[in-house]
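Here is what Swiss-Prot records for this protein:
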| type | residues | note |
| --- | --- | --- |
| TRANSMEM | 14-34 | transmembrane segment |
| TRANSMEM | 182-202 | transmembrane segment |
| DOMAIN | 203-255 | domain 'HAMP' |
| DOMAIN | 260-330 | domain 'PAS' |
| DOMAIN | 324-377 | domain 'PAC' |
| DOMAIN | 381-599 | domain 'Histidine kinase' |
| MOD_RES | H384 | phosphohistidine |
Amino acid sequence: MKWLKQLQSLHTKLVIVYVLLIIIGMQIIGLYFTNSLEKELTNNFMKNIKQYATQLEVNIERIYRDDPSNAQKEVQSLLNEYANRQEIEEIRFIDKDQIIMATAKISSHNMINQKVNDNSVQKALSLGESNSHNVLKDYGSGKERIWIYNLPVKNGNETIGNIYIESNINDVYNQLNNINQIFIIGTAISLFITVILGFFIARTITRPITDMRNQTVEMSKGNYTQRVKIYGNDEIGELALAFNNLSKRVQEAQANTESEKRRLDSVITHMSDGIIATDRRGRVRIVNDMAIKMLGMSKEDLIGYYMLSVLNLEDEFSLDEIQENNDSFLLDINEDEGIIARVNFSTIVQETGFVTGYIAVLHDVTEQQQVERERREFVANVSHELRTPLTSMNSYIEALEEGVWKDDNLAPSFLSVTREETERMIRLVNDLLQLSKMDNESEQITKEIVDFNMFINKIINRHEMAAKDTTFVREIPSETIFTEIDPDKMTQVFDNVITNAMKYSRGEKRVEFHVKQNALYNRMTIRIKDNGIGIPINKVDKIFDRFYRVDKARTRKMGGTGLGLAISKEIVEAHNGRIWANSVEGQGTSIFITLPCEVIDDGDWDEE
């Protein structure tokens, strides 16, 4: 196992990395050198063969031009002269009919005047272009690499034959192998020297690191007296010097570590809430950003001050009571912002029982309290809205039971009031059910792409025909605007807004409709303005709250439930839109609705 540990040491790893870098470098150089050398040698070989073939081509062309009757004999003599090169195995002249007219190889003389079926020869004759390829052939001494070259011979524009040359390229590769062997031997010698040098070089790096490792082991045992030997002024020497300084400082700081560790652990545990940490006297020493935000104070106003005074608890609790009482309680810690927090206190105690500080954890429950308050208000509003018509109905029914039904004048009036109150309760219950579905996201929204101009004009026309005493003014763009909405749900929204506009208008009633499109953001804004009594500026933002009425008596008299605009807001937001209001008291109210939209040309809208 000792050799395995030595193999895993930094010293060995540095040597291995050093050797691997050398090997990789030599491999890259060798690969490039071998490929370049092979390419150069083969190109030179082929260039020489092509030069011989070109000389043959010129001579054969001259023979066929000067003495065609005696051409075969003269070509044979010519090939015999060119066949004395060592690398050339065979030279043939093949006429345009693929008949062997002459050959330089004696063993192939029996093939003269015979037709040869060779694809490369046929290709050279048919295309009139030279070609070449490599093959392996056995000439009796084993398989050898042969380079075959075909060069067409032309007399003017007519191809009269083809020169076929087989050349032995094996010598080129033998020469290349010899060079590679020399390169490999040189690489091996270099690696041997590199390994030896690598061990000595790596030792100069690992020796100080080994010393620091040994010192670290001693420090883990609590021994801070030893120092690391500094071997030089390089980076490792500076590291050794810094390590010695660190050892000294750790020794000095060890006494304070336990107390700080416990305090920081407590702070980290509760970082999602507001954290206030103090010393043993209750003076604030650490406070996080959340606590600063919740208290609405700066860090300078908190650090060093008494924690109970900061939380306005100085008259109610003492540090001893906090230490004994672990109960949490609600505290209004920021009256300006209306922030309510649940406060938990904990005490930091050492193992000896000595108290070193206190921790206050502030958990923001403002939203929870708001939800609970809204729930109570909602229940109270529903109870009130149901109790009023029920009380009225009960009174009329009691009167009818006592004999009013016999009165032909009063009975119909009492029954009419009872029916109206019943219908109002039905509307209220239906609105509550719709809001409940929207809160639970179970309300079905069935969107479809509609022509908004046609959609809004249809709604306005319906109200215009029903309300003869109201003037409707339209400013709607002429270009077609398409939007994806649920027509029924959005009709409910516009009916709600238009009905309110007509209901609260006065004098010469006037309702204006403005539609403006922002093509850059694919949004459109619909503005519906009345000339009614308006809404006080401090109540404008509340009109979309459930059961909120600016004038409760007038709204109830007109049959409203106080839920119409709340439902409208939920529907618009379900369409990725927004609804809000602007109003000047005594000058009317404007309701704004924004929705996604597209301006689509007729050609883009045609279905395939």
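The chain as shown is numbered from 1 upward.
Each residue, glycine too, has its Cβ placed from N, Cα and C.
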Within-chain partners of the transmembrane segment (14-34) [C-beta distance under 8 Å, separation at least 6 from its ends]:
176, 179-180, 183, 187, 190-191, 194-195, 198-199, 201-202, 205-206
The correct DSSP tally for the domain 'PAS' (260-330) reads 27 helix, 13 strand, 31 coil
List, by number or range, the same-chain residues at least 6 past the transmembrane segment (182-202) whose CB is under 8 A from its CB atoms?
10-11, 14-15, 18-19, 22-23, 26, 30, 33-34
On the 0 to 100 pLDDT scale, where does the domain 'HAMP' (203-255) sit on average?
74
Number of helical, extended and coil residues in the domain 'HAMP' (203-255), per DSSP
39 helix, 0 strand, 14 coil
